[in-house]
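Reviewing the structure listed below.
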């Protein structure tokens, strides 16, 4: 005899009865109407393709993406670009329900044309890092700076408190070269945009140049500063005179020095700041931007070394600054495909670097934007070539803002503050978008993935966290460091994330 | 709810008098006048006692002012010869807090994995039940059966403890011998911080004493270290950490403990 199931309990019976009483309604079908759609670029507001008539039932993002691609003549599947559509009737993402609801409510009518803002996204997709693929010990002291090589994510350079910089092979998780020579902590590392020279700045007031392939020093120390080096920036590839790469170094001694990397002499010394120069960036239009603890941001001409502008707005130290073109200037002629698409001749390389720079600034009308982060808990967005007045004051952080970065496509700004939060801002107008909460201690640095869809942040609370930028949610929590994390970098090809901190181990993260 | 907090309970239920702020402000404003008139007009023993009290108050005040001034000093220290390497963006930001030093030291110690199960005080003097408990002989029946005990040692009683009805209460933990905070020392750094106790984890004398929350020398307690800002490897804030009592609180009138790292 088979086991008889127990009779349903009273609760189950009442629930079933209630369900049976409920009238079954089919989901309301979308109205039959069709609407005339015009796609517009969300940055420039330029129309994309002709006006087309689409029925409301078909207004789904993937359909729209296909339609827009075919309107722009990209019929071959391999040529299609992924598009992101924004809500035409308000803020946020495009959604079919919202649009249909607007028509049902009478907010919109089918007699007017619907302008859908769209933005082309990166054709490649970076996967979120999820695991630590290598934890490499070797440094004898805390790691203070990291930077990935531009050509390949298999080379990572780190600067440490043990007075050396090291180059690591991330494929195998082994050290390649130890760059000895400094007599103080190595505070800054930077790869030149053609990947041929590594520059390190140190507590011992000097900058040194290294051959990253052989691991040998290129000449001696670049002496001139009288206090330690805080930041290094290379001249963008398309501006460089052939065979004469230059770099700018900012120092605690209130000056910025521009060095000729070949002759190893100071080209210019840019004096004028009245406080520690915290950050220097070499812009793509031949200008050098510097942020200082004297509350000003100064802009210098890289040819003559004269002061072009002084931007006064901050009320306290300026800690960091970022350019909308940072990513393309850093990577120069290397795109996401790495070494395979590098032009052979110098002229070709320059041309490609220039093209990439022009493409990056096209959205903002051909000019660079600048964002500065300060101890007064605010940030300012500037368009220095248009005006000395800030475009927008960005408030919201509760404590000092330590780090700020533009997304590689120049559409977003992420700021990391000592109030444990990261905030995302729209780069076109400086509007606040979202707050990424999750860290329990000050966030020191953050880095965008090259496709702009992800962000990784390093914090004092010993973790890294990977965030989904579009939704503003935590994608991956990456514990593993045993002490605070000082430096993080996402490789330009998107494969790996490298981090280092107080616990002396370099960690390589990947998906 | 502890039974002595009836005023707090009342204010929670009914709020304060509508003119409460005004009254406290006025009282505060009058205080100086009162103090002045008292010190001028009191005579004899009263004047003596009053001056004594005032003297003590002034010492406390001066201490508080001094502390505040120390806190306000801007960190203009030279960071050049600092021993621990820091990135450029942290170099001018003043010195590390005690909490951070604690945190790193604990982590370094953990990495060594040494002495995992050893505690600073491995042996304790045994305490008999006669010493620990006093027999309560009040009332006719209680005296006859003498089943009621009063604990003669300091105890920790959790904040949510409510006394049972007197008729059923077998152990009495005197209010005067209760502790809420401990002076916790970090063994390697010699930093001492006063921290709230969370619970009594183990009294080596007797499991029953653990349950009763008796604090004797060698007792393991859990203290709230959240204000030190320690974090775990997973990036969460550490809340509780264990410590061992190092003094005889019944003799000293304070509770000293050493952090177990």
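Just so it is clear, glycine is given a Cβ too, placed from its N, Cα and C backbone atoms.
Bear in mind that TrEMBL entries carry predicted annotations, made automatically and left uncurated.
These figures come from a predicted structure and were not determined experimentally.
The region 'Disordered' annotation in TrEMBL falls on one of the ranges A:1-47, A:48-94, namely A:1-47. Sequence-distant contacts of the repeat 'WD' (A:179-211), counting only residues of its own chain at least 6 positions beyond either end whose CB sits under 8 Å from a CB of the stretch, comprise 141, 144-151, 157-161, 163-167, 217-223, 225-237, 240, 245, 247, 249, 251, 253, 259, 261, 264, 329-334, 349, 353. Remote same-chain residues near the repeat 'WD' (A:270-310) are listed as 227, 230-236, 238-239, 246-252, 254-258, 316-323, 325-326, 328-329, 357, 361, 367-368, 370, 372, 374, 382, 384-385, 388 (criterion: CB distance under 8 Å, separation of at least six residues from the stretch ends).
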